[in-house]
Amino acid sequence: MFVDQVKILLKAGDGGNGITAYRREKYVPFGGPAGGDGGRGASVIFEVDEGLRTLLDFRYQRQFKAKRGEGGQGSNMHGKNAEDLVLKVPPGTLIKDAETEEVLADLVEAGQRAVVAKGGRGGRGNSRFATPRNPAPDFSENGEPGEEIEVTLELKLLADVGLVGFPSVGKSTLLSVVSKAKPKIGAYHFTTIKPNLGVVSTPDGRSFVLADLPGLIEGASEGVGLGHQFLRHVERTKVIVHVIDMSGSEGRDPLEDYKTINKELESYGQHLEDRPQIVVANKMDLLDAEDNLELFKEEVGDDVEIIPISAYTKENIDQLLYAIADKLDEYKDVDFTKEDDEALGVNRVLYKHTPSQDTFTITRDDDAAYVVSGKAIERMFKMTDFNSDPAVRRFARQMRSMGIDDALRERGAKNGDIVRILGGEFEFVE
């Protein structure tokens, strides 16, 4: 089964909790605080594995949760950092934020990595909060929650050359003739329902990867006939080989087929219409093929490179392979995907973690309670040990320093009003 798109949920590990502890040793009457920090939570990392070809593994497991860091211990011993969760993906995997569709990473090279969900920082032990005014603090910090994100994985095959055309024009037969690939071949439409790759060697020793893509139909650029899934794999190819049934054996007009497929390539975007293209006039062993080819050449002109072949009888196959190899040599230094990504503002390196901003919003619930939300305040809430009075007082000071108290007053909050943050409720006190 070929799986080229899947949506999964990632949860990075929470940081381990810091601990409140004191140094208690004989002959050391005032040992002071000795609580260690918690360990860092595991991040979720994607890594390219050249041995993989599909996203099949993610079809059966859609949720991945990384481990949390170990808690701190006494004697200022810090908790162990959790081992990162590394998920292997095939070359050509694009990772997007499922909600915003922002491209987080484009993984194309063996061993390339991207941190997509960052593990939480370990909570600080009480020894970290010691000051001259408070030399023995009796509170510590919980670990920071790990990031949680839903992402879409898209696989775009890494092939040098893509075979495109209507169903049953002979693409699979051509691939089977020029490589050792064994695609499914049949006398009916859409025999090929998944992309097939084959390594092709020319008689003069050059080689390239050829992809046989499922047949396109009119409206493919708008998703008709799974067109989006199929056209996605053309994006990374350097050369497009447009296969046409020049005999018209299916009752179609070769010229109309040519125009329709090129229109779909242009409509899809990604500048596919600008890729170097070779037109393969296939099925030249059948009746009417020669006459149709002459009419076709008259209509498209001399600027279109046309190679007449018969994949069935293997006529002119070597000439086609030489033409493809020459075209690849001509465009070997051109990175079409880079140009497309720059036009779209895509970062192809990796996802960079952006720290939370100290912004917040205040809304009202139906029961008139004030609801404070925002990444920074919610992060502080999760990292506060509300079983410790000193920790609660520290949280209140943090709210004041962020300007939340003043903002609540401006919204009309009075003494005794209820304030909610995540699952917690507080009384507003003047």
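Glycine is treated like the rest: Cβ placed from N, Cα and C.
Copied over from Swiss-Prot, here are the features:
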{"type": "BINDING", "residues": "165-172, 190-194, 212-215, 282-285, 310-312", "note": "GTP binding site"}
{"type": "BINDING", "residues": "Ser172, Thr192", "note": "Mg(2+) binding site"}
{"type": "DOMAIN", "residues": "1-158", "note": "domain 'Obg'"}
{"type": "DOMAIN", "residues": "159-329", "note": "domain 'OBG-type G'"}
{"type": "DOMAIN", "residues": "352-430", "note": "domain 'OCT'"}
{"type": "REGION", "residues": "118-144", "note": "region 'Disordered'"}
Note to self: Need one number: mean pLDDT over the domain 'OCT' (352-430).
What the structure shows: 85
Next item on the list: Let me know the most crowded of the binding-site residues, choosing from Lys171, Lys283 and counting other Cβ atoms within 10 Å.
Entry: Lys171
Check: If you run through the domain 'OCT' (352-430) with DSSP, how many residues end up as helix, strand and coil?
Finding: 28 helix, 17 strand, 34 coil
Notebook entry, point to check: Once near-sequence residues are set aside, which residues in the chain of Ser310 (GTP binding site), 6 or more away, have Cβ atoms under 8 Å from its Cβ?
Noted result: Asn282, Lys283, Met284, Asp285, Asn316
